[in-house]
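Trainee: Okay, so TrEMBL annotates it like this:
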SIGNAL    1-23  signal peptide
REGION    51-91  region 'Disordered'
REGION    147-166  region 'Disordered'
COMPBIAS  148-164  compositional bias 'Low complexity'
REGION    176-255  region 'Disordered'
COMPBIAS  202-223  compositional bias 'Low complexity'
């Protein structure tokens, strides 16, 4: 009887006491599991393409002498010197992640010619003739530094030929001169094409390999000495020296 009464009092106290009620285990609202979605922003940015422009020609000037119809050109033993080729160089093209690199084409840098033409019983009297030497035609490098791919292509280089000495007498004409020296070839060099994937980004190796293509190089021929007499004509001169060949080199392609 006493035990039943004691149990009833404990149940009643538990029901009415705020302290005992608060001590009971309950689920906190802060313990509810939540999942947060954050947007992924890649730190490998995609950059634009890089392209350098084409360069123009840098040819040396010509010396042209033409006598016709019973005329005469007399230079009193003076020399004829054509101009040397200069430098035609296109700029580099360098792109970063994701962009392609294309360097422009370079122009010609040929040496100038010496041209003497006598026709119709005419006469050209002069001294030594020197054609111009070839200069430098060089296209820039194309370098693609990237993680997300990108091709590299260097431009073509132009010609850098030595100049010619051309003497033509026809129709009973005559050309009197000294030594003839053609120009030497210069340098025609296309730039390197490098698709750079050697860098590591935070421990990740670049697996997106771009293409690499180097441009074509032009000619770098030595100049010629050309003499042509016809129809009872006459060409009288000294030594004739053709030009030496220069350098024609295409760039490396590295992917």
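Any Cβ shown, glycine's included, is placed from N, Cα and C.
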Trainee: With DSSP, how much of the region 'Disordered' (51-91) is helix, how much strand and how much coil, in residues?
Mentor: 0 helix, 14 strand, 27 coil
Trainee: List, by number or range, the same-chain residues at least 6 past the region 'Disordered' (147-166) whose CB is under 8 A from its CB atoms?
Mentor: 44, 46, 52, 54, 57, 60, 62, 82, 85, 88, 90, 95, 97-117, 129-141, 180-195, 199, 201, 206, 208-226, 240, 243-244, 246, 248, 251
